[in-house]
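Per Swiss-Prot, these features apply:
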BINDING   D791, N793, T795, R797, E802  Ca(2+) binding site
DOMAIN    34-138  domain 'Calponin-homology (CH) 1'
DOMAIN    147-253  domain 'Calponin-homology (CH) 2'
DOMAIN    778-813  domain 'EF-hand 1'
DOMAIN    819-854  domain 'EF-hand 2'
REGION    1-250  region 'Actin-binding'
REPEAT    251-395  repeat 'Spectrin 1'
REPEAT    396-510  repeat 'Spectrin 2'
REPEAT    511-631  repeat 'Spectrin 3'
REPEAT    632-744  repeat 'Spectrin 4'
Amino acid sequence: MMMENGLSMEYGDGYMEQEEEWEREGLLDPAWEKQQKKTFTAWCNSHLRKAGTAIDNIEEDFRNGLKLMLLLEVISGETLPKPDRGKMRFHKIANVNKALDFIASKGVHLVSIGAEEIVDGNLKMTLGMIWTIILRFAIQDISVEEMTAKEGLLLWCQRKTAPYKNVNVQNFHLSFKDGLAFCALIHRHRPDLIDYAKLSKDNPLENLNTAFDVAEKYLDIPRMLDPDDLINTPKPDERAIMTYVSCYYHAFQGAQQVGNNTALPDERAVMTYVSSYYHCFSGAQKAETAANRICKVLKVNQENERLMEEYERLASDLLEWIRRTMPWLNSRQADNSLAGVQKKLEEYRTYRRKHKPPRVEQKAKLETNFNTLQTKLRLSNRPAYLPTEGKTVSDISNSWKGLELAEKAFEEWLLAETMRLERLEHLAQKFKHKADAHEDWTRGKEEMLQSQDFRQCKLNELKALKKKHEAFESDLAAHQDRVEQIAAIAQELNTLEYHDCVSVNARCQRICDQWDRLGALTQRRRTALDEAERILEKIDILHLEFAKRAAPFNNWLDGTREDLVDMFIVHTMEEIQGLIQAHDQFKATLGEADKEFNLIVNLVREVESIVKQHQIPGGLENPYTTLTANDMTRKWSDVRQLVPQRDQTLANELRKQQNNEMLRRQFAEKANIVGPWIERQMDAVTAIGMGLQGSLEDQLHRLKEYEQAVYAYKPNIEELEKIHQAVQESMIFENRYTNYTMETLRVGWEQLLTSINRNINEVENQILTRDSKGISQEQLNEFRSSFNHFDKNRTGRLSPEEFKSCLVSLGYSIGKDRQGDLDFQRILAVVDPNNTGYVHFDAFLDFMTRESTDTDTAEQVIDSFRILAADKPYILPDELRRELPPDQAEYCIQRMPPYKGPNGVPGALDYMSFSTALYGETDL
């Protein structure tokens, strides 16, 4: 057939590729061989059972070629050449060749498959031949989007199972192992056969059995696969699964659409099958034709009646609607407001947008139905339809035209009324806008003009208020035009009969009345401001005059008060007399001051009178000064009171200075006697201390006589102390009548006593030294004369340089080298052991007597201790206690250091160190 030839031409190359693939791969896996054998056997039996036969062993039952030819006839629907009935090998080969030739005639190129292998029972070749047949007659006709049969079948499976979870078909081996893909294919086409929601990917055996059982029972697809083989085989045989899945494809494709496959059913078989139906039902055909003719006539008549009834109904409804609408369109009543007209316009637009379009469609449908009805009646030889009176097409058309004219007139009226009312509304809005602006401007103006705020102002603030009022007057004049415009707009609204003229007129009247009040209040405030300015200017002049006079007068008062209460300090009669004279001159000026005070007070009284008369708050505050009349009055009163107090103070001070003058004279008279006496006595004592006259005993006698005379003069000092105490109590610090002060006299008196005592002590020490050292009076006088010669200042002491010069003058040799300096420093350490920096006469005399007389030395004492110690270098405490008195023995034991030399015994004392320490030759 032509389609078969087309398929042969289109798919020939594909078959060759499949056969070559078969030859290359072979059946190396026993599991795959088992699956293919079982699947192919089931597939063959699914077709052979239609011929009333089956096979048990695929490699044995096809060896004679008879069932092979029968299988091809069943699946192709064609008749093959008559088979040979012999049982010889060549008969079998001939039958198999007939089958193979038939396959080749379908465009399938068989490669490496010969009749001999089939006859010999070669399982591999037999399965390959069956797979070729399956490809040609079961899979080849599967075509999806111009893909190969295998790819098309795979794509078909993917599309059908796409909506199902846990199903992802990518191939024909692993993707079908869990059985969900088989169940999904069945459920997609027959959801009534499987409850897919109860299936689980974890139970593949149950899924496979469910799919195979349902397919065999309800879809007439034989059980070609074994679930255990699919589960236990790592990679199931692809060809076995493809063969089985192709049965699903054909089963569901056939259920959806007959003849949709690529290979069409045999034409002769279909014609033969249909002719049987024709002969079966040919007797009932005439009766059916007659019944159909009657039904057709009745149906046309019923349709015509339906159209007539519908026309009547539509015509009545449309005319009734027009009748109800016309009064509304002809109405010209409105509330004379833009909102009311706009509401009517919106109602009209709603009518045109919502209500009329359905009626237009109704009218068009009415005319269409009428024309259709007349045409059908004419074609069916029926009389023309005549509507009831008043419902003809012309009646409806006339009513419709009247409606459209009414609509046009109504719309024109609405637009004209809208324009008129918009004009009125614009004027009303303009009136409102100007009135609002005017009222905003006037808000608070009356209160401002009626305000008495200027009564609280000072002059500068009042002038600012006046300037502000002048600006307001200018602004008021400028607003005159606005008020006139408001009145003109209100007049126009009245002329055009605005619907709310009452409120417009009332508002306009309020504005005009308020404008008149503002004018009157403005003039009244102007007058009040001028009067207030005049009064405040007068007060300001008085304040300024007060400030000019009060400031210098206040300064004079402050200065005067300070002078009157000034705590003056005077020490002489001349000073107090000068103060009294100045105070008398000041009192002479009080008359003029009293006049100035009265003038200042009168200025304040005048201000107070004006403020009280006009009740001006804060008018008494003077902006030019902080001084007040009360300040002036208080200070002037203080001055008047302080003047007599100052008189009394000056009088008291005068009496005090007179008494002080008397005390000065009294102290001076006594001090001028005591001071020279002390000086004379001091000179006499100093002369005696120089030791140049008489013996030491004579000097001592004379000093003691002076001592008695000085103590006898002490009452004069005590009397002078009493006078001095009175002077101090009177705070007298200067005395021009004497050069002596109590301090100088007291110091002189104390120095006199000290000098007498010191000289007595020195003379007594000199006598003791002379007697103990055995020096003569001449030597002593010589030492005194030398000491006094170098004591230039008569201080009774020599500096180191003076002492050195004195030694040289007495014949003492002191070198000028370093050794001489060391010797002199040793001598200074003897005569000035306390390092005071001076050498007194006693130390000088002691040094000179030691140098000039035979005195005891450290060596002499050491020799004495050596005798007591029996020539030992140390001495024991018992030896000291035995030879010396107890007190002197204990004195030596306590002060002698322990002996640290050789051959010492416990308790031994170092008498050598002790002896040298006694004479200052080493540290003890």
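Yeah, the Cβs are placed from backbone N, Cα and C, and that goes for glycine too.
A helical conformation is recorded for E802 (Ca(2+) binding site) in the three-state DSSP classification. In the three-state DSSP assignment, the secondary structure recorded for R797 (Ca(2+) binding site) is strand. Around the Cβ of D791 (Ca(2+) binding site), the number of neighbouring Cβ atoms within 10 Å comes to 18.
On the 0 to 100 pLDDT scale, the domain 'Calponin-homology (CH) 1' (34-138) averages 86 in the predicted structure. Other than the site residues D791, N793, T795, R797, E802, same-chain residues with C-beta atoms no more than 8 angstroms from the centre of those residues' C-beta atoms, the Ca(2+) site, are F790, K792, R794, G796, L798, S799, Y838.
Mapped onto DSSP helix, strand and coil, the repeat 'Spectrin 3' (511-631) counts 97 helix, 0 strand, 24 coil. All protein chains included, N793 (Ca(2+) binding site) registers 9 other Cβ atoms within 10 Å of its own Cβ. Counting residues of the repeat 'Spectrin 4' (632-744) by DSSP class, helix then strand then coil, yields 94 helix, 0 strand, 19 coil. Residues within less than 8 Å, Cβ to Cβ, of R797 (Ca(2+) binding site) and separated from it by at least 6 positions along the same chain comprise D791, Y838, V839, H840, F841. Residue counts for the repeat 'Spectrin 2' (396-510) under DSSP, helix first, then strand, then coil, are 103 helix, 0 strand, 12 coil.
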